[in-house]
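In Swiss-Prot this protein carries:
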BINDING   THR69, ASP90, ASP116, ALA117  S-adenosyl-L-methionine binding site
Amino acid sequence: MSETHFGFEKVDESEKAGKVAGVFHSVASKYDVMNDLMSGGMHRLWKVFTIAQANVRPGQKVLDIAGGTGDLAKAFAKQAGPTGEVWLTDINESMLRVGRDRLLNKGVVTPVALCDAERIPFPDNYFDLVTVAFGLRNMTHKDAALAEMRRVIKPGGKVMVLEFSKVWKPLEKFYDVYSFKVLPWLGERVAGDAPSYRYLAESIRMHPDQGSLVRMMEQVGLEQVEYFNLTAGVVALHVGRKY
């Protein structure tokens, strides 16, 4: 049996999805509040930058994978308009329910679906854009998920990955203290769940750095892959294209 990482813990590949699901069932109801607290609201600016780089136009088709509470899908649905098609998807029922309800409360009606990024239930060459924000690091087979994302975009389309990455070296010690001391403390105080936020910190450290993710995207056939460091490399936006 093959092993993978759940944070720093080594687990059998067959166990990871269930463990990650447990984390997100636990944090779903406090997800937005905790995002604001953990990032000082910066996650909103990271998403604004991603939306600007996506440049969705009326009539386009967009797939938002691991879409969580729907921040990106909401913006894309407005940009694509009534002639477009924007799907909010997540592998986790609790997160998808929160995202769907949040969109409806904002007056945004768009299709939602449970979706495993390693087995995307859409035909080849269907979407103009596929996005995944803060979800890739939780996937068991990242290469398989990226290959699936490439499969479903049209020639000329883009895959965009917004994810925690490798912080600039002078900030590493401070970032470690914040990640392994402050985040679990916030998780306990606000969400009553320190272990889930300890996993968050560990999963960030185990995720490929900027250059490694570029190579991973290129290996599945994405081209002209580039990345943008945000907030000193705390987060990076990777963009790959299909021709």
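The backbone N, Cα and C atoms fix where each Cβ goes, glycine too.
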Subject >> ASP90 (S-adenosyl-L-methionine binding site): secondary structure state under DSSP, collapsed to three categories >> reply: strand
Subject >> Lowest local Cβ density (other Cβ within 10 Å) among binding-site residues: ASP90, ASP116 >> reply: ASP116
Original post:
What is the total of other Cβ atoms whose distance to the Cβ of THR69 (S-adenosyl-L-methionine binding site) is within 10 Å?
Top reply: 21
**OP:** Look up ASP116 (S-adenosyl-L-methionine binding site) in the DSSP assignment and report helix, strand or coil.
**Re:** coil
Original post:
Counting only residues 6+ apart in the same chain, whose Cβ is under 8 Å from the Cβ of ALA117 (S-adenosyl-L-methionine binding site)?
Top reply: ILE65, ALA66, ILE91, VAL132, GLY135, MET139, ALA145, GLU148, MET149
